[in-house]
Every structure is written in structure tokens, then in C-alpha cells.
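Input: a single structure, listed below in C-alpha cells.
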Amino acid sequence: MPAQLIDGNALAKKVRLEIATRTAILTAKGVKPGLAVLLVGEDPASQVYVRNKVKACEDVGMHSILERHPADLSEEKLLKRIAELNQDASIHGILVQLPLPKHIDSHRVIEAIAPEKDVDGFHVANAGALMIGAPLFRPCTPYGCMKMLESIEYPTKGARAVIVGASNIVGKPMAMLLLQAGATVTICNSKTKDLAAHTKEADILVVATGRPKMITGNMVKPGAIVIDVGINRLPDGKLCGDVDFDEVKYVAGAITPVPGGVGPMTITMLLLNTLEAAERIKI
Ligand code: GUN
């Protein structure tokens, strides 16, 4: 029997309805949640992502601004703009789309965002808070993955979780969230020897490598929950994940599709983080 499909679109719709209600309540009290999205350069994938983020804000009744800056914007100018947004009372969340052009130091840029407006959760203060189990903002993609696990009421306590990919955006924060949820966590990276030996042990397998269809059916434990964070464009124009869906769906107990899985949940968690940033404002 094929795996249960974890429908990210349906779950995102449900959570966004709750966000829209809370946004309306807060707006009526005089605080309209606001997100600023900054894009530097013309990376086509990033352009689509930022447009989707701003559109999602509008759909739940939030204020949003999208700033497109030329690829040759100086780091100094970007830092100055962030400093202004840090002071702007109409903006509760600031997101600088990554990757940034090579002449800009991403680390310095992320550290310039006020931690209480860092809705991506990438600032070292927020990464540290997450690590000690007192998160202010959970990074959006791992947060969305946790919501998907919750939606199927998967018992994470004592489960073996394996994460393939050790990025600051997904793999590392995902490990912290699963650890907090009581799972026993392994993080694999591109140097891991005998990857399949690890993945086959996983009750929960989270894959975020950017390598199309790298997880095949024989790498998955029967009945495992498989969360596919990858979005890759194939030469024929179709999108696919890092998991070979057509094989793995016959092995896994539950699986997220691409598209329509983690993607819509990531944006939803960005909205939730922005709403919560605004709700923390004293009125
Ligand atoms: N680029 C890819 N994913 C993300 C994300 O979650 N946040 C930002 N700011 N940039 C990204």
C-alpha cells in the first residue's frame, strides 16, 4: 500500500486561516503585523520565493514590503537599510533572501537584523536560543516540518530521526527541534560514509541536500516518515525533491510530496513568526 501523503497545501491553508484571524484581532488593536523582504540581485528562484512570501502576507491581511536591490548593492548600503528597518515600527519581521551576492558577507548581514525582528531565526542569538531549548523564532522550514509531523500525530519521543544535510537553514535547526521533541537524532552530511546504513535506521527521515531524487526506496526503512525539503528543477522543467518519490512512496509509512509538501509550510511558518513578533509588541 502506498504511503500516507502529508499534504502541505491543506495543512498550510488551515494554519493560515488561524493566522488571518489573529492578524485581524491584532490589527483591530492598532498593530498590523508587517514583514520586510529584501532581495539583492536577480536569482530567478529567489525572485519567485520572495514574491510568494509577500503575496502570502497580503492574503492573511499583513502589511508587507518587497525591496528589490541591484546585484551590485554595497554591503554598507544593505546594512544601513537593515538598520532603518530595525527602527521602523510598522515592520515586525525582516527577511533578507539568501543566497546574497558573493561580495556581501551574509553572516554580517544576518547579525545586523535585530533578533526580535529576525523571523528567519538565523541570527546567532536566535540560533543559540533554539539550541538551549528557549527559542524566540524557529527557522521556518524546520518549523514547518515539525508541524507536518504533529499533523499526523507522529510520536517523536524515542523515535530515531535521521537528517540528511547539515545546513544552518534546515539541517542543524531541524536537529534541535527533533531533539527537543524527544527524538534520537543523527545528522548526516556530504562526507558521511555509508549513508544508506544511517537512513535505513530512521523512523523519521528528513532530507535537505539539493540533490534530486538521491534517496531511493532501498535507503528507507519500511513504514518510515519521510520529509522531503528539496526543490529541484529537472531538465524537462518539472520539479522534484531530494527523495525519489515514485520509489519511496511504496516503502514509507508517510511522505511529503514535492511540490505541495514542505514549501507551503515554510511560508506559513514565516507568517506565524511575523505575527508572533508583532504580538510581542507592548500596546
Ligand atoms: N533561501 C532559501 N531558504 C531561505 C529562507 O528560509 N530564508 C531566507 N532568508 N533565504 C532563504
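Positions of Cβ are set from backbone N, Cα and C atoms, glycine also.
In TrEMBL, annotation is done automatically, which means it is predicted and not curated.
Features as listed in TrEMBL:
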type	residues	note
BINDING	G165, A166, S167, I231	NADP(+) binding site
DOMAIN	6-120	domain 'Tetrahydrofolate dehydrogenase/cyclohydrolase catalytic'
DOMAIN	139-280	domain 'Tetrahydrofolate dehydrogenase/cyclohydrolase NAD(P)-binding'
If one looks at the chain holding I231 (NADP(+) binding site), which residues at least 6 apart in sequence have a CB under 8 angstroms from its CB? L239, G241, V258, P259, G263
Would you list the DSSP helix, strand and coil counts for the residues of the domain 'Tetrahydrofolate dehydrogenase/cyclohydrolase NAD(P)-binding' (139-280)? 52 helix, 26 strand, 64 coil
Among G165, A166, S167, the binding-site residues in question, whose Cβ has the most other Cβ atoms within 10 Å in this structure? G165
Per DSSP, what is the residue tally for the domain 'Tetrahydrofolate dehydrogenase/cyclohydrolase catalytic' (6-120) in helix, strand and coil? 60 helix, 18 strand, 37 coil
